[in-house]
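Per Swiss-Prot, these features apply:
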type	residues	note
BINDING	72, 113, 114, 115, 145, 146, 173, 284, 366	thiamine diphosphate binding site
BINDING	144, 173	Mg(2+) binding site
């Protein structure tokens, strides 16, 4: 079938299972080919092809609401809702979003990117449906990894209590990004072997209803019998105790079984959970054999061999992080690492190879990870909480209440700080400076290169005056020479990278090389600009700021973070409190959510380019010269 001719899923209504199986094969071939060029979340999508086909055949989207938790498994849904022609632009600038997007299609009723939100969203939609008196089905599709998130468990508890009719499809592939951890994962493991329970329960009801005269009445009061059967055959039916009707486990690649159970779920009153077992990466051998999560999401790859297409370059910041942490941990047994389900992305899997008892993957539990780090710190340990900037948002109260308020020595290693590119607006790491710098006791640092980064990590672990956050980007380092030994850096003291007398740039991190290119252009035009590495975002270098004000230099702050409440705002606040008058402009991320694209394209969009920096400075300098 030509998938690019699909307009909407209505054509599936009359498809036989044989036709659906042929379509599933076409979809898998399409995804493997297209994603080899663009990259993307191939593993999750290959695993849900039959499930997505069954859902769209049995339900009437967009009247019936399909909510895809996290959303990285929604590519098949996008194909069936008319977006196959756009797959050449997947995750590219102004192209097809890698997650559900309400402005992209009426079939995308719930936007995602972070995990564990679909059940709460579904509960809200089901409540609105009942208040309005309509009858649409609400279906949330959530993975076994996302189900371990605290918000999902909160929603399960409320849904079970309210007994709203909605369907939860648990897509259980035994992996999220990395292999799942925790007690709930163990419960699901037991349920995977409990198919006999569902069959026995259905058979029991059928037998009871066949009893002359009394059968119907007995069937209506058979819950205690079924409960006894449940405890006889399955150790702890977690979901039924939460108030759900549990159906499964179902083979997620068996269309007959899938359609039977989903049809039963539609007819069942109250909340229903359909437990579907899928194979992540199904149909593509390299992805099927992945045991570490490497094929969860990828860049481009060679379709025939599965070999990843990698550009040579310096080590990545996460690799420098893990290797430096190992060096320090060899000398200090108090150093421990905590990650919320991102051991591979953060490279803490490298740390765990050497120190398996000192690395803790707590699952999708950013709040717990933050407070566990605080608890470790109270006992004299040196916890390093490694978390993506975008996911640190999910544990903000714990950073405030448990870490900063108690002034505990926790190092928060903020990975993916700044614009991350293809994952788009749900993953851009541009808010952490704004939401952290208002907190008492915290120190915020940001290195300009990988060499400064290793010294900064050492400084952070040695620091014993409270919490310290170190921000660093996703990509490769700059290729600078790495010092052999580690040393402590002064906190709250900036350094001048380039002297100048016409104006000064205050910036840090990834914006240093961008500013250097701007200064090269300005130098050719006859301007002499000072460049300052403001690597201590909090505290500021107050002595240097006072000296700059006394020189009456025009100042330009540049940051790869939001302007509102950011570094530039901190500099303005300082001068306001001191009553000092300076000519200052700020450059950074404007007040909107930045969508997907390459980082260089996004720099162009938000104005963080050498040309825009040079133009901004030139617009300031004539005013300065005129006053002189």
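Using the three backbone atoms N, Cα and C, a Cβ is placed for every residue, glycine included.
Annotated features, which come from Swiss-Prot, shown on the structure.
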{"residue": "72", "record": "thiamine diphosphate binding site", "DSSP class": "coil"}
{"residue": "114", "record": "thiamine diphosphate binding site", "DSSP class": "coil"}
{"residue": "144", "record": "Mg(2+) binding site", "DSSP class": "coil"}
{"residue": "173", "record": "thiamine diphosphate binding site", "DSSP class": "coil"}
{"residue": "366", "record": "thiamine diphosphate binding site", "DSSP class": "helix"}
Sparsest-packed of the listed binding-site residues (72, 114) - C-beta count within 10 angstroms: 114
Whole-number Å value for how far residue 144 (Mg(2+) binding site) lies from residue 114 (thiamine diphosphate binding site) (Cα to Cα): 14
Candidate nearest residue 144 (Mg(2+) binding site) in space, where candidates are the binding-site residues 72, 173, 366 and distance is Cα-Cα: 173
Site of maximum Cβ density within 10 Å, from binding-site residues 144, 366: 366
